[in-house]
Amino acid sequence: MGKCLLLPLLLVVLSSLLGFPQALECFQCQRVSASGVCESGKSFCQTQGSQQCFLRKVYEGDTVSYGHQGCSSLCVPMKFFRPNVTVDFRCCHDSPFCNKF
């Protein structure tokens, strides 16, 4: 049984050493409430290719209003500012479910 587990583990280690991207599980939700509860479209996604997990939070003043989580190919961390509204967009690829609200 130990030999059966050794081959998949060896393949994972070799692929990470050679730079092949590993699929990453991310939280996915179309609308996360200010308290962190998914209100619409709760599921998980798995990154493919150069995708990363993302988390977008929308603030009104200094208070979180709502958010959005998922997988994205276009993932550039940034902040947008408008009068009384801030949108914070963050990306991660360091660990599974790194886009927790």
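Cβ from N, Cα, C; glycine included.
Between CYS26 and the candidates CYS4, CYS53, CYS75, Swiss-Prot annotates a single disulfide bond, the one to CYS53.
For CYS38, the partner cysteine in a disulfide bond according to Swiss-Prot, taken from CYS29, CYS71, is CYS29.
Of the listed residues CYS75, CYS98, CYS98 is the one Swiss-Prot pairs with CYS92, by disulfide bond. Candidates considered were CYS71, CYS91; Swiss-Prot assigns the disulfide partner of CYS75 as CYS91. There are 26 other Cβ atoms within 10 Å of the Cβ belonging to CYS26 (disulfide bond). Nearest Cα neighbour of ASN84 (N-linked glycosylation site) among the listed disulfide-bonded residues (CYS45, CYS53, CYS91, CYS92, CYS98): CYS91. Separation of the C-alpha atoms of CYS71 (disulfide bond) and CYS38 (disulfide bond): 16 Å, rounded to the nearest whole number.
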